[in-house]
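Participant: Quick paste from Swiss-Prot:
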- His83, His182: heme b b562 binding site (BINDING)
- His97, His196: heme b b566 binding site (BINDING)
- His201: ubiquinone binding site (BINDING)
- 33-53: transmembrane segment (TRANSMEM)
- 77-98: transmembrane segment (TRANSMEM)
- 113-133: transmembrane segment (TRANSMEM)
- 178-198: transmembrane segment (TRANSMEM)
- 226-246: transmembrane segment (TRANSMEM)
- 288-308: transmembrane segment (TRANSMEM)
- 320-340: transmembrane segment (TRANSMEM)
- 347-367: transmembrane segment (TRANSMEM)
Amino acid sequence: MTNIPKSHPLVKIVNESFIDLPAPSNISAWWNFGSLLGICLILQILTGLFLAMHYTSDTTTAFSSVTHICRDVNYGWIIRYMHANGASMFFICLFMHVGRGMYYGSYTFLETWNIGILLLFTVMATAFMGYVLPWGQMSFWGATVITNLLSAIPYIGTDLVEWIWGGFSVDKATLTRFFAFHFILPFIISALAVVHLLFLHETGSNNPSGLTSDSDKIPFHPYYMIKDILGILLLILMLLLLVLFSPDLLGDPDNYTPANPLNTPPHIKPEWYFLFAYAILRSIPNKLGGVLALILSILILAIIPLLHTSKQRSMMFRPFSQCLFWLLVADLLILTWIGGQPVEYPFITIGQLASILYFSILLILMPISSIIENHFLKW
């Protein structure tokens, strides 16, 4: 009798990826976030699909269609809030996943890391376009402000912005194309995630010690399957707590006002998960400089492997680097807070200092601390 999991072309791929996959025996709960991101993506695609059945991407009816989903569609309110808060859970898992990769030196898997950065950019683009769709005040003004940043590009900037808008302002054409892209991008993300896993399985998983674990591997199923299911249950519990008890906690009240091009909200700000980058953008007085800093705040992840000066892979046994890592986390929290504050003293100064610290830690302090640690170990 043939062994189907090991002989059937399709089942074999699933078997080698999720069942018989050799995994290090010591990976901690920080390795759960990959599977949680997969669950978040599936959840977002499913809830998004049901929302798309009732949503209309027209400036005159978009806001009303979202209201209709919440009021008239069976369980429409829960689908809508699962989708909106699911995005927040997605980004929480993303930040944890990237942070884990930085802490334990997983960025030495260059292909996996670079596809991960591409995934991060794609998810951010998708989330931004999704935020525009309800066509509330913050949707409209957020879209206007963020797309307008492209006008800082010399020579072609203005033409590029008008090309993206499909006219001379954010209007029906913009909303329609944003809906089209918001619908298609999650499937592109799914394809990229498969490639991400493909490259990861070429090298095998990293582990907290950063040492090779070839001599100590265990099968993914049942050990990590059960561990992942526990993580998934906790994720769903947290999401349901958010959706059922405080669905608007992470949203903006301005988005419950229909979009009005004649009335600007007092503080234009994106969703909470973009606030750190928004704070870096605002901390530079020059428009082009701000846009470059905004892009670099994420793109800097691609430079991290080049700045790895330590002779150890993981930060597990590197106390100086650990202190700097947690300082970076605190700095990102400060930037997130500043991004939601008005542009006035003392927030401007705090934002500028936090932005300088962010780039200093990653570009200067981390490599120097690694060299010092090497010296202490007499390597």
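The backbone N, Cα and C atoms fix where each Cβ goes, glycine too.
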Participant: Given pairs 6 or more apart, does the transmembrane segment (113-133) have at least three Cβ pairs under 8 Å with the transmembrane segment (226-246)?
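Facilitator: As far as Cβ distances go (cut-off 8 Å, pairs 6 or more apart), the transmembrane segment (113-133) and the transmembrane segment (226-246) do not touch.
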Participant: Given the binding-site residues His83, His196, His201, which one's Cβ is surrounded by the fewest other Cβ atoms within 10 Å?
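Facilitator: So among His83, His196, His201, the binding-site residues given, the one with the fewest Cβ atoms within 10 Å is His201.
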Participant: Under 8 angstroms for C-beta pairs, at least 3 of them, ignoring pairs fewer than 6 apart in sequence. Is the transmembrane segment (33-53) in contact with the transmembrane segment (226-246) by that rule?
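Facilitator: In this chain the transmembrane segment (33-53) contacts the transmembrane segment (226-246) - 3 or more Cβ pairs sit under 8 Å.
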Participant: What does the structure give for the C-alpha distance between His182 (heme b b562 binding site) and His196 (heme b b566 binding site)? Integer Å is fine.
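Facilitator: About 21 Å separates the two Cα atoms.
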Participant: Measuring Cα to Cα, how many Å separate His97 (heme b b566 binding site) from His201 (ubiquinone binding site)?
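Facilitator: Each residue's Cα considered, His97 (heme b b566 binding site) and His201 (ubiquinone binding site) end up 17 Å apart.
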Participant: Would you kindly give the Cα-Cα distance separating His196 (heme b b566 binding site) and His83 (heme b b562 binding site), rounded to the nearest Å?
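Facilitator: Checking the Cα atoms of His83 (heme b b562 binding site) and His196 (heme b b566 binding site) gives a distance of 24 Å.
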Participant: Within 10 Å of the Cβ of His97 (heme b b566 binding site), how many other Cβ atoms can be counted across all chains shown?
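Facilitator: For His97 (heme b b566 binding site), the 10 Å Cβ neighbour count is 20.
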Participant: Is the transmembrane segment (347-367) packed against any residues at least 6 beyond its ends, judged by a Cβ distance under 8 Å, and which are they?
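Facilitator: Non-local partners: 279-280, 282-284, 293, 296-297, 300, 303-304, 307-309, 321, 324, 327-328, 331-332, 334-335, 338-339, 341.
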